[in-house]
């Protein structure tokens with residue numbers, strides 16, 4: 001059982017995984033996977049430093065759990081079984097839950113089955129690729145699909161553009177990155193919508209050289 005659980009820990013994180021050990025805390029057979037029963041048992045025992053599980057309204061375990069005495073967070077499935085070991089940087093658990101659910105319910109992953117890749121902090125990896133088809137997608141940290149296509153090679157720009165568009169609703173003059181519609185890379189030339197200034201950027205979207213006004217656009221060459 002321990003070997004199987006350790007395998008699942010690596011599988012849940014995907015290609016970006018680091019080998020991690022599971023904590024000893026998990027529901028005993030007496031709880032039946034019911035979080036509220038587990039919580040009541042912990043409160044009754046009154047053990048100092050014991051993990052007090054967070055529960056959903058239906059009695060299942062909340063995906064992200066925090067151990068009060070250590071401040072470390074970890075991810076669990078609805079039955080309370082740990083799927084991402086404790087760490088101080090865990091911010092989300094939806095990606096590990098989705099991946100663990102697919103691995104647990106599917107005895108053999110079907111050809112083309114999408115298994116989300118997760119970062120070590122539990123968020124969705126930006127670039128997701130179907131291993132069998134090569135079809136790629138860009139996701140936000142919380143799992144929203146924002147771009148898809150066979151030619152996608154980068155998702156930093158689409159992520160920043162998505163965030164900027166959401167944050168700039170009702171705001172005038174906010175800079176929104178321009179991305180290549182096929183690859184997801186930053187357009188080498190970026191322009192500010194309100195000022196008209198343009199500049200060159202590198203692969204990471206960082207400005208290279210000086211920005212030029214509209215009157216000097218013809219002189220701006222971005223390699």
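The backbone N, Cα and C atoms fix where each Cβ goes, glycine too.
Heads up, TrEMBL stuff is auto-annotated, nobody curated it.
Values in this document were obtained by computation on a predicted structure and should not be read as measured data.
Among the features that TrEMBL reports, signal peptide is placed at 1-17. What TrEMBL records for 32-95, 154-222 is domain 'Thyroglobulin type-1'. Annotated disulfide bond per TrEMBL: 75-95, in sequence order.
Counting every protein chain shown, the number of other Cβ atoms lying within 10 Å of the Cβ of residue 95 (disulfide bond) is 28. Of all the Cβ atoms in the protein chains shown, 27 others lie within 10 Å of the Cβ of residue 75 (disulfide bond). Taken together, the residues in the domain 'Thyroglobulin type-1' (32-95) have a mean pLDDT of 93 on the 0 to 100 scale. Residue counts for the domain 'Thyroglobulin type-1' (154-222) under DSSP, helix first, then strand, then coil, are 18 helix, 15 strand, 36 coil.
Sorting each residue of the domain 'Thyroglobulin type-1' (32-95) by its DSSP state yields 13 helix, 15 strand, 36 coil.
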